[in-house]
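Per TrEMBL, the features are:
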TRANSMEM  B:21-42  transmembrane segment
DOMAIN    B:66-259  domain 'ABC transmembrane type-1'
TRANSMEM  B:75-96  transmembrane segment
TRANSMEM  B:108-128  transmembrane segment
TRANSMEM  B:134-156  transmembrane segment
TRANSMEM  B:177-208  transmembrane segment
TRANSMEM  B:234-255  transmembrane segment
Amino acid sequence: MTQVPEPQPTDSSATPTRSADAVVVRGVDKTFDTRSGQVQALTAIGLTVSAGEFVSLIGPSGCGKSTLMRLIADLDQPTAGSVTVFGKTASRARLDQDYGIAFQQAGLLPWRTVAANVGLPLELHGATSRDRNARIEELLDMVGLSDFADRYPDQLSGGMQQRVAIARSLAEKPDLLLMDEPFGALDEMTRERMQTELLRICAETGAAVVFVTHSIPEAVYLSDRVVVMSPRPGRIQQIVPMALTRDPEHAEALREDRAFFDGVTAVREALHTGSPVPTGARGVENR
Amino acid sequence: MVLTLPGKSRSAARTETTLRIIAPIAVGILVLVGWQFLVSVIGVSDYLLPSPAAIVEEFIEFFPSMVSATLITGWNALLGLIIGSILGILLAAIAAGWRPIDHMSAPVVASLAVIPIVALAPVLNSMFGADSQFGRQAIAGLASFVPVFINTLRGFRQTLPVHRDLMKVYAASSAQIVRTVTLPTAVPFVFTGIRIASSLAVISALVAEYFGGPRGGLGGLISTSAASSAYARAWAYVVASIVLGLVFFLATLALERLATRGRRRS
(Lines of atoms letter the chains of each structure in order from A and count residues from 1; the text may use other names and numbers.)
(Lines give C-alpha, C1' and ligand atoms only; values in the text may rest on other atoms or scores of the structure.)
Protein backbone atom coordinates (compact mmCIF):
# COMPACT_ATOMS: atom_id res chain seq x y z
CA MET A 1 0.00 0.00 0.00
CA THR A 2 1.47 3.32 -0.94
CA GLN A 3 1.20 6.14 1.50
CA VAL A 4 -0.01 9.25 -0.27
CA PRO A 5 1.64 12.31 1.27
CA GLU A 6 -0.89 14.45 3.06
CA PRO A 7 -1.56 17.71 1.28
CA GLN A 8 -0.99 20.71 3.47
CA PRO A 9 -4.04 22.80 4.29
CA THR A 10 -4.29 25.61 1.81
CA ASP A 11 -5.98 28.66 3.17
CA SER A 12 -8.94 29.03 0.90
CA SER A 13 -10.48 32.28 2.04
CA ALA A 14 -13.50 31.75 -0.16
CA THR A 15 -15.35 28.93 1.56
CA PRO A 16 -16.43 26.56 -1.18
CA THR A 17 -20.18 26.40 -1.37
CA ARG A 18 -21.44 23.06 -0.15
CA SER A 19 -22.24 20.96 -3.12
CA ALA A 20 -25.55 19.19 -2.90
CA ASP A 21 -23.88 15.79 -2.65
CA ALA A 22 -22.24 14.66 0.58
CA VAL A 23 -20.26 11.86 -1.03
CA VAL A 24 -19.51 11.08 -4.66
CA VAL A 25 -17.63 7.89 -5.42
CA ARG A 26 -16.61 7.41 -9.05
CA GLY A 27 -15.15 4.30 -10.63
CA VAL A 28 -13.28 3.28 -7.50
CA ASP A 29 -11.10 0.17 -7.42
CA LYS A 30 -9.16 -0.93 -4.39
CA THR A 31 -6.57 -3.68 -4.32
CA PHE A 32 -4.58 -4.73 -1.28
CA ASP A 33 -1.11 -6.20 -1.57
CA THR A 34 -0.94 -9.19 0.70
CA ARG A 35 1.65 -11.88 1.20
CA SER A 36 -0.30 -14.23 -1.05
CA GLY A 37 -0.59 -11.70 -3.84
CA GLN A 38 -3.02 -8.96 -4.72
CA VAL A 39 -6.54 -8.99 -3.35
CA GLN A 40 -9.20 -7.13 -5.25
CA ALA A 41 -11.29 -5.56 -2.48
CA LEU A 42 -13.46 -3.24 -4.57
CA THR A 43 -14.17 -2.93 -8.29
CA ALA A 44 -15.92 -0.22 -10.25
CA ILE A 45 -17.74 1.36 -7.32
CA GLY A 46 -19.97 4.29 -8.15
CA LEU A 47 -22.15 5.85 -5.48
CA THR A 48 -23.60 9.24 -4.66
CA VAL A 49 -24.92 10.17 -1.23
CA SER A 50 -26.99 13.35 -1.15
CA ALA A 51 -26.78 15.80 1.72
CA GLY A 52 -28.92 14.65 4.62
CA GLU A 53 -29.45 11.22 3.11
CA PHE A 54 -29.10 8.01 5.13
CA VAL A 55 -27.38 5.30 3.10
CA SER A 56 -26.51 1.85 4.39
CA LEU A 57 -23.88 -0.43 2.93
CA ILE A 58 -24.82 -4.06 3.40
CA GLY A 59 -23.34 -7.33 2.26
CA PRO A 60 -21.61 -10.47 3.43
CA SER A 61 -18.18 -10.40 5.05
CA GLY A 62 -15.46 -9.56 2.59
CA CYS A 63 -17.66 -7.54 0.26
CA GLY A 64 -15.59 -4.45 0.97
CA LYS A 65 -18.25 -2.37 2.69
CA SER A 66 -15.91 -1.31 5.49
CA THR A 67 -13.15 -0.68 2.96
CA LEU A 68 -15.47 1.62 1.01
CA MET A 69 -16.23 3.55 4.19
CA ARG A 70 -12.52 3.82 4.99
CA LEU A 71 -11.91 5.24 1.50
CA ILE A 72 -14.56 7.90 2.09
CA ALA A 73 -12.91 8.65 5.45
CA ASP A 74 -9.50 8.86 3.77
CA LEU A 75 -8.18 6.17 6.13
CA ASP A 76 -7.21 4.27 2.96
CA GLN A 77 -6.69 5.52 -0.59
CA PRO A 78 -8.37 4.05 -3.67
CA THR A 79 -6.18 2.30 -6.22
CA ALA A 80 -8.20 3.88 -9.03
CA GLY A 81 -11.10 6.28 -9.29
CA SER A 82 -12.02 9.24 -7.13
CA VAL A 83 -13.80 9.92 -3.87
CA THR A 84 -15.26 13.36 -3.32
CA VAL A 85 -16.74 14.61 -0.06
CA PHE A 86 -18.74 17.82 -0.26
CA GLY A 87 -17.01 18.60 -3.53
CA LYS A 88 -13.50 18.24 -2.09
CA THR A 89 -11.01 15.39 -2.20
CA ALA A 90 -11.41 12.88 0.63
CA SER A 91 -8.14 13.94 2.23
CA ARG A 92 -9.05 17.63 2.08
CA ALA A 93 -12.39 16.78 3.70
CA ARG A 94 -10.65 14.83 6.44
CA LEU A 95 -8.23 17.68 7.16
CA ASP A 96 -11.19 20.06 7.23
CA GLN A 97 -13.05 17.75 9.63
CA ASP A 98 -16.08 17.54 7.38
CA TYR A 99 -17.22 14.22 8.76
CA GLY A 100 -17.64 12.46 12.07
CA ILE A 101 -16.88 8.78 12.43
CA ALA A 102 -17.85 5.88 14.69
CA PHE A 103 -16.40 2.39 14.57
CA GLN A 104 -17.63 -1.01 15.70
CA GLN A 105 -15.40 -0.65 18.73
CA ALA A 106 -16.29 2.47 20.68
CA GLY A 107 -12.55 3.24 20.73
CA LEU A 108 -12.77 5.48 23.78
CA LEU A 109 -9.57 6.42 25.59
CA PRO A 110 -9.85 4.52 28.89
CA TRP A 111 -7.76 7.06 30.84
CA ARG A 112 -10.14 9.88 30.00
CA THR A 113 -13.53 10.55 31.53
CA VAL A 114 -16.63 10.37 29.37
CA ALA A 115 -16.67 14.16 29.07
CA ALA A 116 -12.99 14.31 28.11
CA ASN A 117 -13.55 11.60 25.50
CA VAL A 118 -16.44 13.45 23.91
CA GLY A 119 -14.40 16.65 23.92
CA LEU A 120 -11.29 15.02 22.42
CA PRO A 121 -11.74 16.24 18.83
CA LEU A 122 -12.59 19.74 20.06
CA GLU A 123 -9.52 19.74 22.27
CA LEU A 124 -7.26 18.58 19.44
CA HIS A 125 -8.57 21.33 17.22
CA GLY A 126 -8.01 24.03 19.77
CA ALA A 127 -11.50 24.90 20.98
CA THR A 128 -11.50 27.02 24.12
CA SER A 129 -12.40 25.13 27.25
CA ARG A 130 -15.56 27.15 27.70
CA ASP A 131 -16.87 26.34 24.21
CA ARG A 132 -15.79 22.79 24.72
CA ASN A 133 -17.62 22.32 28.00
CA ALA A 134 -20.81 23.82 26.63
CA ARG A 135 -20.68 21.53 23.60
CA ILE A 136 -19.87 18.46 25.71
CA GLU A 137 -22.86 19.14 27.91
CA GLU A 138 -25.09 19.50 24.84
CA LEU A 139 -23.79 16.26 23.31
CA LEU A 140 -24.08 14.19 26.47
CA ASP A 141 -27.60 15.47 26.85
CA MET A 142 -28.33 14.41 23.27
CA VAL A 143 -27.21 10.83 23.92
CA GLY A 144 -28.74 10.77 27.41
CA LEU A 145 -25.52 10.43 29.38
CA SER A 146 -25.39 13.74 31.25
CA ASP A 147 -25.14 11.93 34.59
CA PHE A 148 -22.08 10.00 33.48
CA ALA A 149 -19.81 12.85 32.42
CA ASP A 150 -17.23 12.13 35.14
CA ARG A 151 -17.22 8.36 34.79
CA TYR A 152 -14.50 6.43 33.04
CA PRO A 153 -15.38 4.28 29.98
CA ASP A 154 -14.69 1.04 31.82
CA GLN A 155 -17.47 1.90 34.24
CA LEU A 156 -20.04 1.99 31.43
CA SER A 157 -21.90 -0.76 29.58
CA GLY A 158 -21.13 -1.47 25.93
CA GLY A 159 -24.22 0.40 24.78
CA MET A 160 -23.32 3.45 26.84
CA GLN A 161 -19.77 3.42 25.53
CA GLN A 162 -21.10 3.33 21.98
CA ARG A 163 -23.35 6.30 22.77
CA VAL A 164 -20.29 8.19 24.02
CA ALA A 165 -18.53 7.34 20.74
CA ILE A 166 -21.52 8.64 18.77
CA ALA A 167 -21.56 11.83 20.84
CA ARG A 168 -17.86 12.21 20.06
CA SER A 169 -18.47 11.73 16.33
CA LEU A 170 -21.03 14.53 16.46
CA ALA A 171 -18.77 16.89 18.42
CA GLU A 172 -17.92 19.16 15.52
CA LYS A 173 -21.42 19.20 14.02
CA PRO A 174 -20.40 17.31 10.89
CA ASP A 175 -22.69 17.25 7.88
CA LEU A 176 -21.63 13.68 7.23
CA LEU A 177 -21.47 10.76 9.62
CA LEU A 178 -19.54 7.60 8.76
CA MET A 179 -20.48 4.60 10.87
CA ASP A 180 -18.87 1.17 10.62
CA GLU A 181 -21.18 -1.32 12.32
CA PRO A 182 -21.44 0.90 15.39
CA PHE A 183 -24.08 -1.34 16.96
CA GLY A 184 -22.50 -4.63 15.91
CA ALA A 185 -21.41 -5.60 19.40
CA LEU A 186 -24.65 -4.71 21.16
CA ASP A 187 -27.51 -6.94 22.22
CA GLU A 188 -30.73 -6.80 20.21
CA MET A 189 -32.68 -4.68 22.71
CA THR A 190 -29.97 -2.06 23.08
CA ARG A 191 -29.44 -2.15 19.36
CA GLU A 192 -33.04 -1.26 18.54
CA ARG A 193 -33.04 1.55 21.06
CA MET A 194 -29.79 2.91 19.66
CA GLN A 195 -31.17 2.77 16.10
CA THR A 196 -34.18 4.82 17.14
CA GLU A 197 -31.92 7.29 18.93
CA LEU A 198 -29.65 7.55 15.90
CA LEU A 199 -32.61 8.39 13.67
CA ARG A 200 -33.71 11.07 16.14
CA ILE A 201 -30.19 12.54 16.26
CA CYS A 202 -29.93 12.52 12.46
CA ALA A 203 -33.28 14.27 12.19
CA GLU A 204 -32.04 16.88 14.68
CA THR A 205 -28.70 17.49 12.97
CA GLY A 206 -29.68 16.93 9.35
CA ALA A 207 -26.44 15.06 8.71
CA ALA A 208 -25.96 12.60 5.87
CA VAL A 209 -24.97 9.12 7.04
CA VAL A 210 -23.02 6.30 5.47
CA PHE A 211 -23.79 3.31 7.64
CA VAL A 212 -22.04 -0.04 7.31
CA THR A 213 -23.97 -3.02 8.62
CA HIS A 214 -24.57 -6.69 8.02
CA SER A 215 -28.08 -6.64 9.45
CA ILE A 216 -30.92 -6.42 6.95
CA PRO A 217 -33.57 -5.10 9.37
CA GLU A 218 -31.13 -2.51 10.67
CA ALA A 219 -30.35 -1.27 7.18
CA VAL A 220 -34.02 -1.17 6.21
CA TYR A 221 -35.13 0.52 9.41
CA LEU A 222 -32.54 3.28 9.21
CA SER A 223 -31.98 4.01 5.57
CA ASP A 224 -33.30 6.05 2.71
CA ARG A 225 -31.36 3.78 0.38
CA VAL A 226 -29.68 0.45 0.98
CA VAL A 227 -26.59 -0.34 -1.07
CA VAL A 228 -26.33 -4.10 -1.45
CA MET A 229 -22.80 -5.30 -2.08
CA SER A 230 -21.41 -8.69 -3.09
CA PRO A 231 -17.97 -10.15 -2.47
CA ARG A 232 -14.99 -11.34 -4.50
CA PRO A 233 -14.44 -8.82 -5.87
CA GLY A 234 -16.43 -6.30 -3.82
CA ARG A 235 -18.93 -4.51 -6.00
CA ILE A 236 -22.33 -2.89 -5.79
CA GLN A 237 -24.98 -5.48 -6.57
CA GLN A 238 -28.00 -3.26 -6.39
CA ILE A 239 -29.17 -0.07 -4.72
CA VAL A 240 -32.56 -0.55 -3.07
CA PRO A 241 -34.57 2.58 -2.29
CA MET A 242 -36.68 2.41 0.87
CA ALA A 243 -40.17 3.83 0.96
CA LEU A 244 -40.76 4.13 4.67
CA THR A 245 -42.70 7.04 6.05
CA ARG A 246 -40.89 8.21 9.10
CA ASP A 247 -42.89 9.58 11.97
CA PRO A 248 -40.71 10.42 14.95
CA GLU A 249 -43.69 9.96 17.27
CA HIS A 250 -44.09 6.35 16.25
CA ALA A 251 -40.57 5.35 15.34
CA GLU A 252 -40.94 1.94 16.95
CA ALA A 253 -44.21 1.11 15.20
CA LEU A 254 -42.33 1.23 11.92
CA ARG A 255 -40.67 -2.07 12.78
CA GLU A 256 -44.03 -3.79 12.39
CA ASP A 257 -45.11 -1.82 9.37
CA ARG A 258 -45.93 -3.47 6.05
CA ALA A 259 -43.44 -1.23 4.24
CA PHE A 260 -40.71 -2.36 6.62
CA PHE A 261 -41.23 -6.01 5.76
CA ASP A 262 -41.40 -5.19 2.07
CA GLY A 263 -38.07 -3.43 2.43
CA VAL A 264 -36.58 -6.42 4.22
CA THR A 265 -37.78 -8.72 1.45
CA ALA A 266 -36.40 -6.44 -1.26
CA VAL A 267 -32.97 -6.28 0.36
CA ARG A 268 -32.96 -10.02 0.99
CA GLU A 269 -33.71 -10.72 -2.62
CA ALA A 270 -31.03 -8.32 -3.75
CA LEU A 271 -28.52 -10.01 -1.45
CA HIS A 272 -29.45 -13.43 -2.74
CA THR A 273 -29.41 -12.51 -6.42
CA GLY A 274 -27.69 -15.31 -8.23
CA SER A 275 -28.33 -17.74 -5.43
CA PRO A 276 -31.89 -18.84 -4.82
CA VAL A 277 -33.69 -17.30 -1.86
CA PRO A 278 -34.40 -20.04 0.65
CA THR A 279 -38.09 -20.76 0.53
CA GLY A 280 -40.30 -20.83 3.56
CA ALA A 281 -38.53 -17.67 4.63
CA ARG A 282 -39.76 -17.63 8.16
CA GLY A 283 -36.68 -15.89 9.27
CA VAL A 284 -36.05 -12.35 8.82
CA GLU A 285 -32.47 -12.43 9.99
CA ASN A 286 -32.35 -10.68 13.27
CA ARG A 287 -28.91 -9.33 13.04
CA MET B 1 -11.94 11.35 42.80
CA VAL B 2 -14.00 8.79 44.61
CA LEU B 3 -14.50 5.51 42.87
CA THR B 4 -17.18 3.21 44.16
CA LEU B 5 -16.99 -0.44 43.39
CA PRO B 6 -20.08 -1.41 41.46
CA GLY B 7 -22.04 -4.47 42.43
CA LYS B 8 -20.53 -4.89 45.84
CA SER B 9 -22.11 -3.77 49.06
CA ARG B 10 -20.03 -1.56 51.29
CA SER B 11 -20.07 -3.86 54.31
CA ALA B 12 -19.10 -6.91 52.27
CA ALA B 13 -16.22 -4.95 50.79
CA ARG B 14 -15.11 -3.92 54.27
CA THR B 15 -15.19 -7.50 55.56
CA GLU B 16 -13.11 -8.54 52.61
CA THR B 17 -10.53 -5.82 53.26
CA THR B 18 -10.31 -6.77 56.94
CA LEU B 19 -9.80 -10.40 56.00
CA ARG B 20 -7.14 -9.49 53.51
CA ILE B 21 -5.19 -7.71 56.22
CA ILE B 22 -5.81 -10.14 59.08
CA ALA B 23 -5.19 -13.40 57.22
CA PRO B 24 -1.49 -12.82 56.39
CA ILE B 25 -0.81 -11.41 59.87
CA ALA B 26 -2.31 -14.52 61.45
CA VAL B 27 -0.20 -16.77 59.23
CA GLY B 28 2.91 -14.76 60.10
CA ILE B 29 2.29 -15.03 63.83
CA LEU B 30 1.69 -18.78 63.54
CA VAL B 31 4.99 -19.25 61.69
CA LEU B 32 6.87 -17.19 64.30
CA VAL B 33 5.32 -19.14 67.17
CA GLY B 34 6.21 -22.43 65.45
CA TRP B 35 9.74 -21.20 64.84
CA GLN B 36 10.22 -20.12 68.46
CA PHE B 37 8.80 -23.48 69.56
CA LEU B 38 11.29 -25.35 67.37
CA VAL B 39 14.23 -23.49 68.85
CA SER B 40 13.34 -23.22 72.56
CA VAL B 41 11.37 -26.47 73.12
CA ILE B 42 12.68 -28.92 70.53
CA GLY B 43 16.13 -27.42 70.92
CA VAL B 44 17.40 -26.70 67.41
CA SER B 45 20.88 -25.29 67.99
CA ASP B 46 21.38 -21.55 67.79
CA TYR B 47 23.86 -21.50 64.91
CA LEU B 48 21.49 -23.49 62.73
CA LEU B 49 18.48 -21.35 63.45
CA PRO B 50 18.46 -18.49 65.95
CA SER B 51 15.10 -17.95 67.67
CA PRO B 52 12.87 -15.03 66.65
CA ALA B 53 13.30 -13.59 70.13
CA ALA B 54 17.09 -13.57 69.75
CA ILE B 55 16.80 -11.92 66.33
CA VAL B 56 14.50 -9.22 67.73
CA GLU B 57 16.95 -8.66 70.58
CA GLU B 58 19.83 -8.15 68.15
CA PHE B 59 17.65 -5.96 65.98
CA ILE B 60 16.92 -3.66 68.91
CA GLU B 61 20.49 -3.68 70.22
CA PHE B 62 21.98 -2.78 66.82
CA PHE B 63 19.07 -0.57 65.78
CA PRO B 64 21.17 2.53 64.83
CA SER B 65 23.41 0.34 62.70
CA MET B 66 20.33 -1.32 61.14
CA VAL B 67 19.00 2.10 60.16
CA SER B 68 22.27 3.40 58.74
CA ALA B 69 22.92 0.16 56.84
CA THR B 70 19.39 0.24 55.40
CA LEU B 71 19.88 3.86 54.36
CA ILE B 72 23.19 3.12 52.61
CA THR B 73 21.88 0.12 50.69
CA GLY B 74 18.51 1.82 50.11
CA TRP B 75 20.20 4.91 48.66
CA ASN B 76 22.33 2.79 46.30
CA ALA B 77 19.23 0.90 45.18
CA LEU B 78 17.14 4.05 44.78
CA LEU B 79 19.76 5.87 42.76
CA GLY B 80 20.22 2.82 40.56
CA LEU B 81 16.46 2.41 40.15
CA ILE B 82 15.91 6.04 39.18
CA ILE B 83 18.80 6.25 36.72
CA GLY B 84 18.13 2.78 35.28
CA SER B 85 14.44 3.62 34.83
CA ILE B 86 15.11 6.96 33.15
CA LEU B 87 17.60 5.35 30.77
CA GLY B 88 15.20 2.47 30.13
CA ILE B 89 12.29 4.77 29.30
CA LEU B 90 14.39 7.05 27.08
CA LEU B 91 15.98 4.23 25.13
CA ALA B 92 12.63 2.47 24.76
CA ALA B 93 11.12 5.68 23.38
CA ILE B 94 13.95 5.93 20.85
CA ALA B 95 13.71 2.24 19.95
CA ALA B 96 9.91 2.53 19.52
CA GLY B 97 10.29 5.53 17.24
CA TRP B 98 13.10 4.19 15.14
CA ARG B 99 13.22 0.56 14.02
CA PRO B 100 17.00 0.30 13.35
CA ILE B 101 17.73 1.33 16.97
CA ASP B 102 15.35 -1.37 18.11
CA HIS B 103 17.15 -4.00 16.07
CA MET B 104 20.54 -2.79 17.27
CA SER B 105 19.56 -2.65 20.91
CA ALA B 106 17.78 -6.01 21.09
CA PRO B 107 20.95 -8.16 21.45
CA VAL B 108 22.53 -5.64 23.83
CA VAL B 109 19.47 -5.66 26.08
CA ALA B 110 19.30 -9.44 25.90
CA SER B 111 22.90 -9.74 27.04
CA LEU B 112 22.35 -7.14 29.77
CA ALA B 113 19.39 -9.16 30.98
CA VAL B 114 21.49 -12.27 31.54
CA ILE B 115 24.53 -10.63 33.23
CA PRO B 116 24.77 -12.22 36.66
CA ILE B 117 25.28 -9.64 39.41
CA VAL B 118 27.81 -11.94 41.05
CA ALA B 119 29.94 -11.77 37.92
CA LEU B 120 29.86 -8.04 37.54
CA ALA B 121 30.15 -6.94 41.18
CA PRO B 122 33.81 -7.87 41.81
CA VAL B 123 34.85 -6.30 38.50
CA LEU B 124 33.09 -3.01 39.15
CA ASN B 125 34.23 -2.93 42.77
CA SER B 126 37.86 -3.11 41.74
CA MET B 127 37.28 -0.74 38.82
CA PHE B 128 35.96 2.07 40.96
CA GLY B 129 38.06 1.48 44.07
CA ALA B 130 37.39 -0.01 47.45
CA ASP B 131 35.76 3.08 48.95
CA SER B 132 33.25 3.87 46.22
CA GLN B 133 29.57 3.06 46.22
CA PHE B 134 29.42 3.67 42.48
CA GLY B 135 29.82 0.04 41.50
CA ARG B 136 26.74 -0.95 43.51
CA GLN B 137 24.69 1.89 42.11
CA ALA B 138 25.73 0.94 38.60
CA ILE B 139 24.74 -2.67 39.21
CA ALA B 140 21.35 -1.64 40.65
CA GLY B 141 20.90 0.66 37.66
CA LEU B 142 21.75 -2.09 35.22
CA ALA B 143 19.35 -4.51 36.91
CA SER B 144 16.56 -1.87 36.84
CA PHE B 145 17.18 -0.85 33.25
CA VAL B 146 16.24 -4.16 31.67
CA PRO B 147 12.65 -4.66 32.91
CA VAL B 148 11.84 -0.96 32.52
CA PHE B 149 13.16 -0.93 28.94
CA ILE B 150 11.38 -4.12 27.92
CA ASN B 151 8.03 -3.16 29.46
CA THR B 152 8.12 0.42 28.21
CA LEU B 153 8.94 -0.70 24.68
CA ARG B 154 6.01 -3.10 24.82
CA GLY B 155 3.81 -0.29 26.13
CA PHE B 156 4.71 1.93 23.21
CA ARG B 157 3.55 -0.83 20.85
CA GLN B 158 0.12 -1.26 22.46
CA THR B 159 -1.63 1.59 20.68
CA LEU B 160 -4.91 0.22 19.36
CA PRO B 161 -5.60 0.42 15.60
CA VAL B 162 -8.94 2.11 16.33
CA HIS B 163 -7.13 4.85 18.27
CA ARG B 164 -4.63 5.31 15.45
CA ASP B 165 -7.51 5.60 12.96
CA LEU B 166 -9.25 8.14 15.18
CA MET B 167 -6.14 10.28 15.44
CA LYS B 168 -5.77 10.19 11.66
CA VAL B 169 -9.41 11.16 11.26
CA TYR B 170 -8.82 14.11 13.58
CA ALA B 171 -5.77 15.07 11.50
CA ALA B 172 -3.79 15.15 14.76
CA SER B 173 -0.11 16.14 14.68
CA SER B 174 2.57 13.63 15.73
CA ALA B 175 3.06 15.49 19.01
CA GLN B 176 -0.67 15.36 19.70
CA ILE B 177 -0.76 11.64 18.92
CA VAL B 178 2.10 10.95 21.31
CA ARG B 179 0.56 13.07 24.06
CA THR B 180 -3.06 11.88 23.78
CA VAL B 181 -2.65 8.23 22.79
CA THR B 182 0.85 6.72 22.71
CA LEU B 183 2.11 7.90 26.10
CA PRO B 184 -1.07 7.23 28.10
CA THR B 185 -1.27 3.75 26.54
CA ALA B 186 2.32 3.04 27.60
CA VAL B 187 2.05 4.42 31.16
CA PRO B 188 0.74 1.27 32.89
CA PHE B 189 3.48 -0.77 31.22
CA VAL B 190 6.17 1.68 32.31
CA PHE B 191 5.05 1.50 35.92
CA THR B 192 4.79 -2.27 35.85
CA GLY B 193 8.40 -2.27 34.66
CA ILE B 194 9.44 0.06 37.47
CA ARG B 195 7.65 -2.11 40.03
CA ILE B 196 9.50 -5.21 38.82
CA ALA B 197 12.76 -3.22 38.72
CA SER B 198 12.35 -1.98 42.30
CA SER B 199 12.82 -5.43 43.83
CA LEU B 200 15.71 -6.18 41.48
CA ALA B 201 17.41 -2.90 42.40
CA VAL B 202 17.34 -3.71 46.13
CA ILE B 203 18.53 -7.27 45.62
CA SER B 204 21.37 -6.23 43.30
CA ALA B 205 22.53 -3.35 45.52
CA LEU B 206 22.58 -5.75 48.45
CA VAL B 207 24.25 -8.69 46.75
CA ALA B 208 26.87 -6.41 45.20
CA GLU B 209 28.05 -5.62 48.72
CA TYR B 210 29.11 -9.21 49.28
CA PHE B 211 32.00 -8.75 46.86
CA GLY B 212 34.25 -6.20 48.50
CA GLY B 213 34.01 -2.45 48.55
CA PRO B 214 33.04 -0.34 51.56
CA ARG B 215 31.26 -2.09 54.43
CA GLY B 216 28.33 -0.50 56.22
CA GLY B 217 25.52 -1.56 53.84
CA LEU B 218 23.13 -4.38 54.66
CA GLY B 219 24.87 -6.91 52.43
CA GLY B 220 28.25 -6.13 53.90
CA LEU B 221 26.99 -6.41 57.46
CA ILE B 222 25.13 -9.65 56.80
CA SER B 223 28.31 -11.29 55.52
CA THR B 224 30.46 -9.78 58.32
CA SER B 225 28.02 -10.92 61.02
CA ALA B 226 27.75 -14.40 59.57
CA ALA B 227 31.53 -14.64 59.25
CA SER B 228 31.92 -13.75 62.95
CA SER B 229 29.31 -16.35 63.97
CA ALA B 230 26.82 -13.69 65.09
CA TYR B 231 23.99 -15.57 63.41
CA ALA B 232 21.15 -13.81 65.18
CA ARG B 233 22.61 -10.46 64.15
CA ALA B 234 22.99 -11.62 60.56
CA TRP B 235 19.33 -12.62 60.61
CA ALA B 236 18.40 -9.22 62.06
CA TYR B 237 20.08 -7.57 59.05
CA VAL B 238 18.19 -9.95 56.80
CA VAL B 239 14.97 -8.71 58.43
CA ALA B 240 16.06 -5.13 57.73
CA SER B 241 16.68 -5.99 54.06
CA ILE B 242 13.23 -7.55 53.82
CA VAL B 243 11.77 -4.34 55.20
CA LEU B 244 13.78 -2.33 52.68
CA GLY B 245 12.62 -4.51 49.78
CA LEU B 246 9.02 -4.22 50.91
CA VAL B 247 9.26 -0.44 51.15
CA PHE B 248 10.54 -0.28 47.58
CA PHE B 249 7.89 -2.66 46.32
CA LEU B 250 5.00 -0.91 48.08
CA ALA B 251 6.18 2.55 47.04
CA THR B 252 6.37 1.57 43.37
CA LEU B 253 3.07 -0.30 43.61
CA ALA B 254 1.44 2.86 45.00
CA LEU B 255 3.00 4.83 42.15
CA GLU B 256 1.59 2.34 39.64
CA ARG B 257 -1.88 2.56 41.17
CA LEU B 258 -1.72 6.33 41.12
CA ALA B 259 -0.72 6.37 37.47
CA THR B 260 -3.49 4.01 36.38
CA ARG B 261 -6.35 5.20 38.55
CA GLY B 262 -9.69 5.15 36.83
CA ARG B 263 -8.71 2.28 34.56
CA ARG B 264 -9.76 -1.28 34.94
CA ARG B 265 -7.03 -3.41 36.45
CA SER B 266 -6.73 -7.01 35.52
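A Cβ is built for glycine as well, from the same backbone N, Cα and C atoms used for every other residue.
TrEMBL: automatically predicted annotations, no manual curation.
The stretches the transmembrane segment (B:108-128) and the transmembrane segment (B:177-208) are in mutual contact, each linked to the other by at least three Cβ pairs under 8 Å (pairs 6 or more apart in sequence).
Counting same-chain residues at least six beyond the ends of the transmembrane segment (B:75-96), those with a Cβ under 8 angstroms from any Cβ of the stretch are 102, 105, 133, 136-150, 152-153, 155-157, 190, 193-194, 197-198, 201-202, 204-206, 208, 217, 244, 248. When each of B:21-42, B:134-156, B:177-208 is checked for Cβ pairs under 8 Å to the transmembrane segment (B:234-255), B:177-208 comes out on top. Only residues 6 or more beyond the boundaries of the transmembrane segment (B:21-42), in the same chain, are considered here, and those with a CB under 8 A from a CB of the stretch are 49-53.
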